[in-house]
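The active site annotation in TrEMBL covers Lys11, Asp141. Look at TrEMBL and you will find Pro99, Val100, Ala101, Ala102, Gly103, Leu104, Ala105, Gly106, Gly107, Ser108, Ser109 tagged as ATP binding site. TrEMBL lists 67-149 with the feature domain 'GHMP kinase N-terminal'. The domain 'GHMP kinase C-terminal' annotation in TrEMBL covers 219-292.
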Amino acid sequence: MRSYSLIAPAKINLYLEIIGDRPDGYHELSMVLQSIDLGDRVEIRANGTEDFRIHCQHPEVPCDRTNLAYRAAELLKTTYPNAFEQYGGADIFIDKQIPVAAGLAGGSSNAAAVLVGLEMLWDLGLTQPELQDLASQLGSDIPFCITGGTALATGRGNELEPLPDLEGLYVILAKYRSLGVSTAWAYQTYRQQFGSSYVRESTDLAARQKRVHSGPIVKAIALRDEMKVVECLHNDLEKVVLPEYPQVLKLRQTFEQFDVLGTLMSGSGPTVFALTDSREKAEQIRAQVQNTLGNPDLEFWIAKFINTGIQLAPGVH
Ligand SMILES: C[C@@](CO)(OP(=O)(O)O)[C@H](O)COP(=O)(O)OP(=O)(O)OC[C@H]1O[C@@H](n2ccc(N)nc2=O)[C@H](O)[C@@H]1O
Ligand SMILES: Nc1ncnc2c1ncn2[C@@H]1O[C@H](COP(=O)(O)OP(=O)(O)O)[C@@H](O)[C@H]1O
């Protein structure tokens, strides 16, 4: 039976601005997304049956139809029933390295890997826009997870413009093991507290431009001015998550005390990250934060920026 083994990287948000409410219930965003080399391994193995089966050891990851990877497979099955009939189902093995419900797009990246893997397994010959369209139907962050790298994301987060690679940066990620934040809760709470009506189709371009402030970070990335990039780090969702989770606020403040280039909460949290220009520095900061907070529930990861999304796992054919 044919199989593909893929690496599904996590992302961090270097910039997340909520422009306003959308009529479809989502939020209009302006984000800068960055892939990092912390990733899950996703293996997709044809199983000759009429089913998809999810295999994952992580206690917080469901192995049923609610798994985003399963939903990705189902979407391809209903969109291309003839291919499904010809090739059949698959076993999907997820080796989880990305923390769950952490604001790092773990589930989204797994779903992206399934779209890419099944597309190859079923010889569908889809174009990149066709694949991106399917991804968009499944979740706002999934189109980015396919192509990865550094990108400006607008709309729901699904409209992408690639940006020049940000190379040579390292990231220390920290998360309380027992803490997870629901993305839906974060956006809903933001809407209740700060909601504003915003219609993208508005002809009032001047009003729209006034509210989109990603210009400076995009320019800094284009100029590869890393010092300027770190000055522009921003996440509107911190306004609702940090007051609700004092531990996360404390973590964010602790990173600020040390010699980091910049620090921010990623996505809907609760992961907090800090940037450095070397792995040694990242190790040093990790030790300093760990010693300061001394909490056994706190977990750390060190990763570097990468310029790829879903990739074939090295050494597997
Ligand atoms: C916050 C971010 C930042 O990158 O990432 P995470 O923290 O989840 O990793 C994303 O916007 C999350 O993207 P994703 O997790 O794909 O979102 P979806 O599945 O489409 O939607 C999950 C929930 O968030 C809300 N949502 C999502 C995107 C958006 N632009 N506006 C929203 O209000 C939706 O209404 C839904 O209740
Ligand atoms: N393949 C998957 N990996 C991780 N979580 C998943 C997956 N499929 C469904 N989930 C569920 O989605 C929720 C959000 O998980 P995740 O994608 O890791 O976080 P985030 O949306 O913060 O990036 C979790 O509570 C988890 O139960």
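Glycine too: its Cβ is placed from the backbone N, Cα and C atoms.
What TrEMBL annotates, mapped onto the structure for a quick look.
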{"residue": "Lys11", "record": "active site", "CB count, 10 Å": "28"}
{"residue": "Pro99", "record": "ATP binding site", "CB count, 10 Å": "23"}
{"residue": "Ala101", "record": "ATP binding site", "CB count, 10 Å": "19"}
{"residue": "Gly103", "record": "ATP binding site", "CB count, 10 Å": "29"}
{"residue": "Ala105", "record": "ATP binding site", "CB count, 10 Å": "30"}
{"residue": "Gly107", "record": "ATP binding site", "CB count, 10 Å": "28"}
{"residue": "Ser109", "record": "ATP binding site", "CB count, 10 Å": "30"}
{"residue": "Asp141", "record": "active site", "CB count, 10 Å": "26"}
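Proximity of the recorded positions (Pro99, Gly103, Asp141) to ligand 1: a Cβ under 6 Å from the molecule is found for Gly103, Asp141.
Apart from Pro99, Val100, Ala101, Ala102, Gly103, Leu104, Ala105, Gly106, Gly107, Ser108, Ser109, the ATP site neighbourhood in this chain, defined by C-beta within 8 angstroms of the site C-beta centre, holds Ala10, Ile98. Following the DSSP three-state reduction, the secondary structure of Pro99 (ATP binding site) is coil. The recorded positions near ligand 2, defined by a Cβ under 6 Å from one of its atoms, are Ala101, Ala105, Gly107, chosen from Ala101, Ala105, Gly107, Asp141. Of the recorded residues, Lys11 (active site) and Asp141 (active site) place their C-alpha atoms 9 Å from one another.
Residue counts for the domain 'GHMP kinase N-terminal' (67-149) by DSSP state, with H, G and I taken as helix and E and B as strand, are 52 helix, 6 strand, 25 coil. Mean per-residue pLDDT, taken over the domain 'GHMP kinase C-terminal' (219-292), amounts to 97. Rounded to a whole value, the Cα-Cα separation of Ala105 (ATP binding site) and Asp141 (active site) is 7 Å. Within 10 Å (C-alpha to C-alpha) of Asp141 (active site) lie the following binding-site residues from Pro99, Ala101, Ser109: Ser109. DSSP classifies Lys11 (active site) as strand under the three-state reduction. Each residue of the domain 'GHMP kinase C-terminal' (219-292) gets a DSSP state, and the totals for helix, strand and coil are 43 helix, 11 strand, 20 coil.
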